[in-house]
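Heads up, the thing below is written out as structure tokens.
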Amino acid sequence: MIAQPNASHFVNGAYVEDTAGAAFEVIYPGTGAVIAVLHEATEAVIEAALAGAAQAQRDWAARRPVERGRILARAAAIIRDRGEELARLETRDTGKPLQETRVADWPSGADALEYFAGLAPTVTGETVPLGRDFIYTIREPLGVCLGIGAWNYPSQIACWKAAPALALGNAMVFKPSELTPLGALKLAEILAEAGLPAGLFNVVQGRGAVGARLVSDARVAKVSLTGSVETGARVYAAAAAGMRHVTMELGGKSPLIVFDDASLEDAVGAAMLGNFYSSGQVCSNGTRVFVQAGIKPRFLDLLAERTAAIRAGDPLDPATQFGPLVSAAQRDKVLRYIDGAQAEGARLICGGGIGNAGGFFVEPTVFAEVTDTMTLARQEVFGPVMAVLEFDTEDEVVARANATQYGLAAGVFTADLARAHRVIAQLQAGTCWINAYNLTPVEAPFGGVKASGLGRENSRAAVEHYTQVKSVYVGLGPVEAPY
Ligand code: NDP
């Protein structure tokens with residue numbers, strides 16, 4: 001039996017329900033069954049969350065960093081102890097196969113809690129000698145941070161935002177996507193069990209309007225959003241009106257470049273991981289697979305063979321490798337992109353339909369003969385649809401890879417490491433891989449350039465985005481006033 005959250009919100013250390021908020025259903029994408037009915041946050045719930053966070057943050061910031069870290073490390077240990085239960089809940093919330101949720105979602109969240117637990121006590125200011133006088137700096141928390149999550153990695157996103165925020169002395173109010181509201185509630189419950197004082201991590205449910213209400217509240221010092229470019233632009237503008245800090249983790253149309261000296265097996269495997277994992281609902285996916293002309297026929301043959309062997313089915317069956325999309329609406333959107341690609345003249349290599357697994361499935365789909373101007377090469381699909389494009393020269397592929405508004409990620413496969421570094425240096429992307437794809441360990445900064453966002457999550461880089469610097473000039477001599 002899965003211990004599902006028993007109310008819609010988690011505020012001031014406890015589950016809270018307010019049935020005055022509009023009801024919405026949580027649907028298991030594997031079958032379409034309703035697994036919970038929650039309510040959107042009312043003004044009373046939002047007010048309690050913000051007031052509680054502002055109140056709790058002051059005491060929390062005064063604690064020693066090592067104490068804050070100890071609580072986060074305890075939460076990570078609880079997550080690892082309950083790994084199987086949490087993986088099952090994540091699968092029911094998202095439809096992603098158990099094979100993935102056991103190793104990727106909550107485990108990555110636990111990594112973030114452990115990493116920032118350890119990092120917090122090492123965050124110090126600096127001393128700047130000025131001869132007689134000196135300056136010292138203090139890295140202070142920002143205050144109340146707002147986290148807004150997308151539906152593809154709900155628990156990981158909640159952990160990636162909560163871990164640095166809390167470790168560095170902030171409080172957080174988190175609004176999950178209303179499609180996947182359960183994991184963040186579990187995180188709140190686990191943090192409370194680990195000893196996090198009430199009010200420091202609150203979860204409020206709702207659609208975009210609840211997010212918009214939170215973004216413009218005077219008590220919010222920072223907004224960290226994971227979502228689409230369109231939503232990012234709206235949230236960034238609303239945050240700017242109040243001069244709030246932002247981290248924006250947005251969408252992409254990332255290039256994965258395969259030179260003809262690459263290991264074919266590895267390049268095909270990476271292209272599949274970078275398009276079919278989580279049924280393609282990964283922001284950093286390498287959805288424009290540029291393959292050098294000489295290797296392309298063999299690449300497509302092996303790709304088609306391995307894609308045909310992917311095992312789609314019940315996400316809760318441990319043997320299943322490929323699950324449904326998060327919702328019927330997302331499935332229909334992906335199917336429209338598939339129809340459009342065929343209409344624009346791309347060649348369907350495999351997939352293209354819904355298969356016969358039930359739920360909101362779209363088959364793993366590959367198109368070849370995709371050109372740069374086709375919709376499939378320009379817009380983010382957020383589904384299991386790979387576009388294979390052909391190229392001849394290094395200069396050509398760099399120019400084509402960069403010809404997009406996005407800049408989240410990029411990958412290069414080649415045996416020539418000098419070429420790999422040369423190409424990576426020219427690619428406009430925040431997160432890159434050489435002979436690997438979509439690995440995002442907490443030790444690495446993660447984020448995009450251009451329309452794909454700003455700020456970085458994970459790694460030491462996140463410290464800058466959850467703290468601000470106070471500079472203190474210390475005068476040790478007489479004040480020399482000219483009057
Ligand atoms: P959306 O941009 O639609 O929504 C993201 C979140 O913002 C949701 O919680 C949404 O609420 C909320 N929201 C919507 N409008 C507003 C508003 N005006 N003010 C405040 N909050 C608002 O993204 P999806 O959930 O559809 O996720 C898919 C997208 O996210 C893809 O485009 C993908 O590329 C991107 N993404 C980026 C990642 C990255 O790290 N770069 C990682 C994962 C996804 P609700 O959904 O309840 O309406």
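Residue numbers in this text run from 1 along the chain shown.
Keep in mind that glycine also has a Cβ here, set from the backbone N, Cα and C atoms.
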Can you match one of Gly251, Gly345, Gly411 to the NAD(+) site that TrEMBL gives for Gly149, Ala150, Trp151, Lys175, Pro176, Ser177, Glu178, Cys283, Glu380?
Gly251
Of Asp93, Lys161, Glu249, Glu457, listed as recorded positions, which ones have a Cβ less than 6 Å away from ligand 1?
Glu249
I want to check the contact list for Pro176 (NAD(+) binding site): same chain, sequence separation of six or more, C-beta distance under 8 angstroms. What comes out?
Gly149, Trp151, Pro154, Ala158, Gly183, Ala184, Val203, Gln205
Euclidean distance between Cα atoms of Lys450 (K(+) 2 binding site) and Lys161 (active site, charge relay system), Å:
21
Cβ neighbour count within 10 Å of Glu178 (NAD(+) binding site):
19
What subset of the recorded positions Ile27, Asp93, Glu178, Glu249, Gly453, Glu457 lies within 10 angstroms of Cys283 (active site, nucleophile) at the C-alpha level?
Glu249
